[in-house]
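> Please see the structure below; I have some questions.
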Amino acid sequence: MAMKKLLIASLLFSSATVYGADGFVVKDIHFEGLQRVAVGAALLSMPVRPGDTVNDDDISNTIRALFATGNFEDVRVLRDGDTLLVQVKERPTIASITFSGNKSVKDDMLKQNLEASGVRVGESLDRTTLSDIEKGLEDFYYSVGKYSASVKAVVTPLPRNRVDLKLVFQEGVSAKIQQINIVGNHAFTTDELISTFQLRDEVPWWNVVGDRKYQKQKLAGDLETLRSYYLDRGYARFNIDSTQVSLTPDKKGIYITINITEGDQYKLSGVEVSGNLAGHSAEIESLTKIQPGDLYSGSKVTKMEDGIKKLLGRYGYAYPRVQTQPEINDADKTVKLHVNVDAGNRFYVRKIRFEGNDTSKDSVLRREMRQMEGAWLGSDLVDQGKERLNRLGYFETVDTDTQRVPGSPDQVDVVYKVKERNTGSFNFGVGYGTESGVSFQVGVQQDNWLGTGYSVGINGTKNDYQTYSEFSVTNPYFTVDGVSLGGRIFYNDFKADDADLSSYTNKSYGVDGTLGFPVNEYNTLRAGLGYVHNDLSNMQPQVAMWRYLDSIGQSASTSSDNNGFAADDFTFNYGWTYNRLDRGYFPTEGSRVNLNGKVTIPGSDNEFYKLTLDTASYFPIDDDHKWVVLGRTRWGYGDGLGGKEMPFYENFYAGGSSTVRGFQSNNIGPKAVYYGGNDEDNCASRDPKQVCSSDDAVGGNAMAVASLEFITPTPFISDKYANSVRTSFFWDAGTVWDTNWENTAQMRAAGVPDYSDPGNIRMSAGIALQWMSPLGPLVFSYAQPFKKYDGDKSEQFQFNIGKTW
């Protein structure tokens, strides 16, 4: 065998004396050590081919090219006569990747990071990349305050040049902040400044935001908060000179020192606007008006810039540039703002597209749009479309993206990206409710029927005191102008005595239809007609019931429990809704007002009217809308007409999971007062002329309920389910009263409360959990009443299935 000559042994060294400057002609190329990589693939990566004349530079380039493929750990090129012999050692193939000891970082996140670095099962292993990954992960742990953390990549060889890769984590504990010092502050105390930070050296029990665990990212945010605090108060020359973070020897404690220069306070002297204002100079200048002498404020400058961009966006200028340059006059301590505006090009909308609506038809989404194709782009119109899609309640999330059309200087496409949620359910089963006992339920409810936007429901309930069935359907776009049409038919067999109400049974059925007329983006008026037949029996007349029967000319016996009558009523139904909530379910911002009313029309056996008003307002207290304050009210009032009273079975009730939690359902308010009484009533005798109090709730013709809730992130729930679960702490208050109640001497002598007094307010406080389950919204609450009256029944734990209010 001819002696083999070593040409080059590494990337960084080549021998220029082996072949001389002229080199030699390659007749053939042979490989040694190839296993997974095909010969053809290796040859294609080389710059040398048989027949080429090669020299030292060509050999160096060949080695570099083979290394660049990422398939080889070692490459050597030798000459055997006129043949190039390429000896390679392939990198091992990754057979599996596992993790151990990682608690702060999830496996999925680690896999994504590894894949982004080219480390995945089936690929070759680059040990250099592993070292970078180890260091990068350790740097991550250091950034969140875990300075004792270590990450080690363990490679286990397997047959056929394969390896198992295991990343072993030792996370350690988070270093806690021992002290935060601010040096150079004179205008504000250190405690006052630190109170605006997320990082704290002391965290009171009530502070749910502060944290003693050091994180580099949070420190950067706190430094920006500190800068904004000063800039918003006129300190235009404020500067953070340096920041020192010191670690204790045991790596468990952190000391932070922030050195600052406050400077003096500066006032605004004026604003000068220049640039391409696109013909909207008057509107832009109105946004930049200031009161001379006002303190300089960085946040006001940012707000002004955002206002200008938003204004131009409404006129089709999708990408305006607004830059503010402060001119600081140190002599008189003033700042003049120079605002330069470049409106840029004006854009048309070529197309509006929807992504993610696998169930909902495009037409259902498109009819909610206020931005039109072929028209100037209006950022406010695009945002209105997003708001309207959110309020439908069909989607978990709605995002918008304005994309420039390639090759066009003045066209964009608007893309709405939605994530659909389950808007329907089918259920059949047996359950137990704290307010209804054993319950049998069957139903189909679909708020977006076959993706058409129709709401269709077939529901039935059977429990201890009620048998109910209903079919309903609503077309939200009965006309192209957005007039809605809805209707329902129902049957209800209700035994009030079994529901802890006064004694009567009501079998009713009816039908109604309603048209909804949109007034503008946020207001809708409703009008409709209804018919209901009520067949009452097993009535044991109590005072309020007796009063009603007398007003309609019906007679009843105090000695009989089998009084009864039937009534047919036709009603004109009306309503108004104002809705500016940010989404249809689990809102976090905005308000909703809902007014409903009905009044009987000629041909009815009864003559009365009834009104209810519901309000809800959400106030987010953080930018992510995870912490929200919710205020709710419910008001109700009804009365008779033409000398008649409103039917007792139309009364308002309070208590239970939808009104005042912690009290038994419908238990708040007036109680039945019977003539003569029965064995369960508080009577000294069975004298028919005597009135006897009881614990049977009868409701009233007036109601007021209020609630204040603090919505918080739900512990132990991942971000994936954050939009499906809601936790809140609440305070509820409410009362029901009877404006027609006569507080006579006989009633007072019998110890009966004055049920016409609206001041008998009940209160409770507790915690609630809501879950958007496949069966519908499930609401669990635990409440403790802290203001109640004789006869009230408590029920601390409650749950129900139904719509959130």
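Glycine is treated like the rest: Cβ placed from N, Cα and C.
According to Swiss-Prot, the protein has these features:
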type: DOMAIN; residues: 24-91; note: domain 'POTRA 1'
type: DOMAIN; residues: 92-172; note: domain 'POTRA 2'
type: DOMAIN; residues: 175-263; note: domain 'POTRA 3'
type: DOMAIN; residues: 266-344; note: domain 'POTRA 4'
type: DOMAIN; residues: 347-421; note: domain 'POTRA 5'
type: SIGNAL; residues: 1-20; note: signal peptide
type: TOPO_DOM; residues: 496-504; note: topological domain 'Extracellular'
type: TOPO_DOM; residues: 536-563; note: topological domain 'Extracellular'
type: TOPO_DOM; residues: 601-608; note: topological domain 'Extracellular'
type: TOPO_DOM; residues: 640-700; note: topological domain 'Extracellular'
type: TOPO_DOM; residues: 738-762; note: topological domain 'Extracellular'
type: TOPO_DOM; residues: 785-798; note: topological domain 'Extracellular'
type: TRANSMEM; residues: 425-433; note: transmembrane segment
type: TRANSMEM; residues: 436-446; note: transmembrane segment
type: TRANSMEM; residues: 455-462; note: transmembrane segment
type: TRANSMEM; residues: 466-475; note: transmembrane segment
type: TRANSMEM; residues: 484-495; note: transmembrane segment
type: TRANSMEM; residues: 523-535; note: transmembrane segment
type: TRANSMEM; residues: 564-577; note: transmembrane segment
type: TRANSMEM; residues: 609-619; note: transmembrane segment
type: TRANSMEM; residues: 629-639; note: transmembrane segment
type: TRANSMEM; residues: 725-737; note: transmembrane segment
type: TRANSMEM; residues: 763-772; note: transmembrane segment
type: TRANSMEM; residues: 774-784; note: transmembrane segment
> I'm a bit unsure how to read this: which one of 523-535, 564-577, 629-639 has the highest number of Cβ pairs shorter than 8 Å with the transmembrane segment (609-619)?
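If we count Cβ pairs closer than 8 Å to the transmembrane segment (609-619), 629-639 scores highest.
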> I'm a bit unsure how to read this: which one of 455-462, 484-495, 523-535, 629-639, 763-772 has the highest number of Cβ pairs shorter than 8 Å with the transmembrane segment (725-737)?
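Result: 763-772.
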> Quick one: DSSP breakdown of the domain 'POTRA 1' (24-91) into helix, strand and coil?
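Once the DSSP states are binned, the domain 'POTRA 1' (24-91) shows 19 helix, 26 strand, 23 coil.
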> To the transmembrane segment (523-535), which of 466-475, 484-495, 564-577, 629-639, 763-772 is linked by the most Cβ pairs under 8 Å?
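Counting Cβ pairs under 8 Å, the winner is 564-577.
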> At a C-beta cut-off of under 8 Å, are there same-chain residues at least 6 beyond the transmembrane segment (763-772) that contact it? List them, or none.
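Counting only partners 6 or more residues beyond its ends, the transmembrane segment (763-772) has Cβ contacts under 8 Å with 421, 585-586, 660-663, 709, 714, 723-733, 778-787, 796, 804.
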> For the domain 'POTRA 5' (347-421), provide the mean pLDDT of the predicted model.
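For the domain 'POTRA 5' (347-421), the model's average pLDDT rounds to 90.
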> In the same chain, who gets a Cβ under 8 Å from the topological domain 'Extracellular' (785-798) while lying at least 6 residues past its ends?
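For the topological domain 'Extracellular' (785-798), the sequence-distant neighbours (Cβ-Cβ under 8 Å, at least 6 residues beyond its ends) are 434-435, 500, 655-657, 661-665, 667-668, 671, 693, 695, 753, 760-766.
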> Kindly report the helix/strand/coil residue split of the domain 'POTRA 3' (175-263) according to DSSP, in that order.
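DSSP classes over the domain 'POTRA 3' (175-263) add up to 21 helix, 29 strand, 39 coil.
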> Report, as numbers and ranges, every residue of the chain located at least six residues beyond the topological domain 'Extracellular' (496-504) whose Cβ falls under 8 Å of a Cβ in that stretch; write 'none' if there are none.
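Answer is 464-466, 536-540, 542, 545, 561, 648-649, 664-667, 672, 694-699, 793.
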> Within the same chain, where does the topological domain 'Extracellular' (601-608) have neighbours whose Cβ lies under 8 angstroms from its own Cβ atoms, ignoring anything closer than 6 residues to its ends? I mean 6 or more beyond.
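Residues packing against the topological domain 'Extracellular' (601-608) from afar: 552, 567-572, 638-642, 644-647, 650.
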